[in-house]
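S.K.: One structure is given below, represented as structure tokens, and several questions about it will come after.
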């Protein structure tokens, strides 16, 4: 997903005249990382801890939902799919970040860069669409509870989950194919800590206006998903506030509290990353925003879904109890 779009001719017109004397770029160098002598190892271990936490916590959520029959309903099914996507979303960028933190040459191959962009943004797209599906699910459950079971059938839930992932990967494919055919003739320095669409496009030594059109389509898709989610939750909160008993309000709110927290974290981090009043930020601020977007937001999501949810907590406890039983001699 990419909301900020560089000018299609940024950096290309001047490089076109020079491209004949320059060799083709085969790798990109990241300039957003500190050097080893500047203490990059101090960043390595906290990032490794956060990545490990994200993977383990999301695996616990996914496994708990799959193994506990009490959680076999649309809401938890969507949460488990979201956790599964989060595992791969962070894996698309953080392992390479860790590698670059302990390497002298902080580089990535052209093919590796294109693949990282594709999987990172495709997974991000899938998560955004899945969050829209989750908002619609909560809308039906709270605003039309009598027909919920009839509307949100297991078959429909499976179709919505698969459709979210499929659409997320397909919508970016034409743009990535076009980027893979662009000539890059230097420079090859990406002013970021991972391969992102805007920094990479700015290095192309040709016209990128067709890709700009693709970005506009993506922006419209993102705005539509944001509006659907926002309007759904506005309606949900309105209905909850009309429930006469405080116990009923609390019970209804508890079923969507996690979604209400993840929604602003997800779209807030995306907005900070791509909705900019300036094309460039100071390097330190740019890196900090990128870390929040790629690391901190995924770090908080499983905490919200696991620690703040009683049913999920109980399912995870059962998972640990089952593991203890299986580890006993003769178990």
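Yeah, the Cβs are placed from backbone N, Cα and C, and that goes for glycine too.
Model, not experiment: these values are computed from the prediction.
Annotation comment: Swiss-Prot describes 1-41, 92-115, 177-212, 274-286 as topological domain 'Extracellular'. As annotated by Swiss-Prot, N-linked glycosylation site applies to 21. Residues annotated as transmembrane segment in Swiss-Prot, with sequence analysis given as evidence: 42-62, 71-91, 116-136, 156-176, 213-232, 253-273, 287-307. Positions annotated as topological domain 'Cytoplasmic' by Swiss-Prot, on the basis of sequence analysis: 63-70, 137-155, 233-252, 308-331. Look at Swiss-Prot and you will find 113-205 tagged as disulfide bond, backed by sequence analysis.
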S.K.: If you average the pLDDT over the topological domain 'Extracellular' (92-115), what number do you get?
M.R.: 92
S.K.: Out of 113, 205, which of the disulfide-bonded residues is least crowded by other Cβ atoms within 10 Å?
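M.R.: If we count Cβ atoms within 10 Å for the disulfide-bonded residues 113, 205, the smallest count is at 205.
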S.K.: Using a Cβ cut-off of under 8 Å, list the residues of the same chain at least 6 residues beyond the transmembrane segment (287-307) that approach it.
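M.R.: Sequence-distant neighbours of the transmembrane segment (287-307): 32, 47, 50-51, 53-54, 57-58, 60-61, 79, 82-83, 86, 89-90, 93-94, 97, 120, 192-194, 196, 258, 261-262, 265-266, 269-270, 272-273, 281, 313, 316.
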S.K.: Using DSSP, what's the helix, strand and coil tally for the topological domain 'Cytoplasmic' (63-70)?
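M.R.: Helix/strand/coil tally for the topological domain 'Cytoplasmic' (63-70): 7 helix, 0 strand, 1 coil.
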S.K.: Sequence-remote contacts (6 or more beyond its ends) of the transmembrane segment (116-136), Cβ cut-off under 8 Å?
M.R.: 1-2, 75, 78-79, 81-82, 85-86, 88-89, 92-93, 96, 108, 160-161, 163-165, 167-169, 171-173, 176, 179, 194-197, 200, 218, 221-222, 225, 228-229, 232-233, 259, 262-263, 266-267, 270, 294
